[in-house]
Amino acid sequence: MCMCDLEEKYSVIVQKNPKKQRNNLKCSCSIRTIFVINFLYLYFVPADTCTELNLGYCNDLEYSTTIFPNILGHRSRFEAESGAEYLLLSVIHGLLNGECSPEIRLVGCSVLASPCRDNKMIKPCRSTCEALRKDCMHAFEAIEMAWPYFLDCDRFFAANEEGCFDPLSGMRARQEVALSSLSPEEPSTIIQFIYASNAQMYSLLKRTAAKCSHISHVYSIGRSTEGRDLLVIEFTDNPGHHELLEPEIKLIGNMHGNEVLGRQLLIYLAQYLCSEYTLGNQRIQSIINNTRIHILASMNPDGYEVAASEVEESNDPELSNQEGHLLNGWTSGRANAQNLDLNRNFPDLTSVFYRNRRSRHYRIDHIPIPDSYWFGKVAPETYAVMKWTRSLPFVQSASLHGGELVVSYPFDFSRHPQEEKMFSPTPDEQIFKQLARTYADAHATMSNNDTDRCGASFYRNRGIINGALWYSFAGGMSDFNYLHTNCMEITVELGCDKFPSEAELYPEWKRNKEALLSFLESVHRGVKGVVRDTNGNGIKGATVSVRGIRKDVTTAEDGDYWRLVNPGTHILTATAKGYSKVSKRVYLPHNLNKAGQVNFVLEKLPVEPDIDDHLFPTADSWDRFDPYNQFERHGEPVVTEEGIERQEKPWWWNYFSQSGMSSPNWLLKNV
């Protein structure tokens, strides 16, 4: 019998009970069905009477009877099941990637269907709710979801002295029994080695930062062409702040959208650092307590979307062209949504360097960005990374790519324009080789000359090569870092397969984990110190030079500096405009496992005109960034005609908006 027939059969009840009539019965069969079920329940189940618990997602609770109306005012089981609260509990495991599951569901069910004893409702315990909120709030924040209103601990829960019920007591008891049967072992980090979509990546990074909020936080450096966040996760013992003499290092993945292994490795690295620090891993604690680490897992999330969709289609058994992960077109998704190769989109400062290197007076560090660059097409991703690189005193960096198995280092652009493969060293050739060696030697196979490569010949290079000697190109990110800032960046090619299968993700993590950690530790080499005036104040923008290396570094906001140099004897000189020049000799032994500290005190001097003032790039010219203000808009929020910032709905909103029920705006933050 159809439920519409049921309504006709029991319509006599409505006629006999005019007080219970509804004003509008002109509705579809499905809506009438819900009405009739609720109606029959109200009439044939006595009010305030214990009834059998029969909610599909709540049937594993520690009790078997409940009572309606419930705490939220739902008058029947059917009304409770048709609400957004119940729908949320049915999908919460997937939304939170299994975190806080089944705890959220069990506590939520204890509100929708509280236990009943002697025809009286027993509310769930407030202490359980408060502990749950403390442990799981970060998981909701990670997906930008508000804490559900029906889990308001003060409003819908009772104190212990009121005779409340703990919905998690049975689960805890079973867990204790299970744990007692296991042999004691060292705790370990658990990582799920699968691919993460852009939405899942953002969620994982935000959840990781919230879980380790004492050492981590996330921030956005801008947005991609299609409006996706360029999200960075930071690790340090004082998140959000630069500490005096603490070096800053960055790792960047997925610059080319179809080169995805680096993106996944950086997501795993973030989870690993958080978990191992919490578990007491002394090596990880030492790295984080003494270093400020910034991880941009995806610089090109738009390109990743294109690459991932092609791989998904190529694995479809119904399609005849099944290239799968191995080919991926090798170019699909490489560029950003504007079809720009991001590693050719940075200012070509290397040409400026080659033109002026023979001039004794011309400064070849912190070369300003030519105004002409801003008349070209500058990708918002490039713009965001340049602005980010300029804003923090980064010491070293690695950009993770795919397509070969080698580490390359600057210069990437040949010193002779007509030579595509020409050794083109920087003044810091030796320290760059050492940085490249650090990663390649710690990698499981990269430095082995017998390792199969991907077509290029690196015979006897042991896994490292000067970029221009491999192949020359202008506008690269590594050359820009070196010539425009203090930062020294290498490019890590992780392997032949740009988009490996999921089965390869764990083996690749094992091959690269030690190399990543060794690279983070390698920032603590060379010398560091503070340049101060005679009053003890740090001098911002002072230069520190090393005799024999024509590349200076400048001091940060508080006067601290870092200079990567190899072991040996070096003569360092510090100076600043309007101050004296001071030189010091320093010896760095080969067995030194940390940076030597060399401080300088400069005396104030009267400023006199100098020919160098005209030949050196001034701070003002270096500070000219986007002088015509053409690109800042990419990072600004979208505003409606009424002047209200338009908020995009989060990715999980479709779960509820397509269900046909009233949209749960209470799940939206800032509403």
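Using the three backbone atoms N, Cα and C, a Cβ is placed for every residue, glycine included.
Here's what TrEMBL has on this protein:
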| type | residues | note |
| --- | --- | --- |
| ACT_SITE | Glu493 | active site, proton donor/acceptor |
| DISULFID | Cys129-Cys153 | disulfide bond |
| DOMAIN | 45-167 | domain 'FZ' |
| DOMAIN | 194-523 | domain 'Peptidase M14' |
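Positions of the features from TrEMBL, shown on the structure.
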{"residue": "Cys129", "record": "disulfide bond", "CB count, 10 Å": "23"}
{"residue": "Cys153", "record": "disulfide bond", "CB count, 10 Å": "18"}
{"residue": "Glu493", "record": "active site, proton donor/acceptor", "CB count, 10 Å": "26"}
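For the domain 'FZ' (45-167), the DSSP counts in helix, strand and coil order read 57 helix, 14 strand, 52 coil.
If you average pLDDT over the domain 'Peptidase M14' (194-523) in this model, you get 91.
Of the recorded residues, Glu493 (active site, proton donor/acceptor) and Cys129 (disulfide bond) place their C-alpha atoms 48 Å from one another.
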